[in-house]
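What follows is one structure encoded as structure tokens, with my remarks underneath.
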């Protein structure tokens, strides 16, 4: 008799649990095949995922996010040179540098030179992306703007560099007549 009573109680409990699950069924949009989701269904799904996510710590926020903290600049350690101050202020920020090749290079020749310079900078642990603009000009994009001046110092020593522009200031290659004129003026 006890076993029969135990079996009956177990059956009632299982029946009650299955009824409870049926009442908690998914909403109509969730029953659809994922390939049939509309934009609003996908947006609703994304919102549900984001609700369950923990907020990202400030140092893991994507670059350019306004909630990401800016690196602190200690001006006591920076020399009074305006270029050093500008370099320190670009720490942790994206920076674009424009590079012009001298002579009349073809587009392929310029791309070859830019690729060579990019790999040389990467080998020196300077992360840079290169985007060609014209047959003799390209943009060098740095994720950390402070390293752009190291790259500039490397590039102006290259024989094929005509000009490097950072923050609207031109730096001429040391093998150009403009560099010789600039150096002569600074010595006077």
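Note: Cβ is positioned from N, Cα and C throughout, glycine not excepted.
Automatic prediction, not curation, is the source of TrEMBL annotations.
Here is what TrEMBL says about this protein:
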- 1-20: signal peptide (SIGNAL)
- 43-86: region 'Disordered' (REGION)
- 48-63: compositional bias 'Acidic residues' (COMPBIAS)
- 77-86: compositional bias 'Polar residues' (COMPBIAS)
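Long-range contacts of the compositional bias 'Polar residues' (77-86) within the same chain: residues 149, 167, each at least 6 residues beyond the stretch ends and with a Cβ under 8 Å from a Cβ of the stretch. For the compositional bias 'Acidic residues' (48-63), the residues of the chain that approach it from at least six positions outside its boundaries are 69, 94, 143, judged by C-beta separation under 8 angstroms.
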